[in-house]
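Pulled from Swiss-Prot, these are the features on record:
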- 1-29: signal peptide (SIGNAL)
- CYS33-CYS76: disulfide bond (DISULFID)
- CYS40-CYS62: disulfide bond (DISULFID)
- CYS46-CYS73: disulfide bond (DISULFID)
- CYS50-CYS75: disulfide bond (DISULFID)
Amino acid sequence: MGSLRVSTVVIAVVACLSILLISPTEVDGRLVCDTPAGTCTSSSTCNDQCNTWGGNYSGGECADSSFPGLSICYCCHYVGSSAEMESM
């Protein structure tokens, strides 16, 4: 009976470790949307604009500007954590 418990624990540990190794790693840092990319009508059109800029950008935000009826697309990118910046 004891060996059954040990084997069950071993299988559970192996399953948990494999799930952790397979799952995508979280990006260290925060998403900042501060690069203007022109005007937009919706978030989906802004995402399309920013995705054409390359791998450094991860979508975009369509934000209202100071002019009525005009929205500005801001492309988003990840900024490293403060610990990462200090190591540079």
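Using N, Cα and C of the backbone, Cβ positions are placed for all residues, glycine too.
The DSSP secondary structure for CYS75 (disulfide bond) is strand.
Look at the Cβ of each of the disulfide-bonded residues CYS40, CYS46 and count the other Cβ atoms within 10 Å; the largest number goes with CYS46.
Sequence-distant neighbours of CYS50 (disulfide bond) (same chain, six or more apart, CB under 8 Å from its CB) are THR35, ALA37, TYR57, SER58, GLY59, GLY60, CYS73, CYS75, CYS76, listed in sequence order. Cα spacing between CYS40 (disulfide bond) and CYS46 (disulfide bond): 6 Å, rounded to the nearest whole number.
It is CYS73 that, of the disulfide-bonded residues CYS33, CYS62, CYS73, CYS76, has its Cβ surrounded by the most other Cβ atoms within 10 Å.
For the recorded site, CYS62 (disulfide bond), the DSSP three-state label reads strand.
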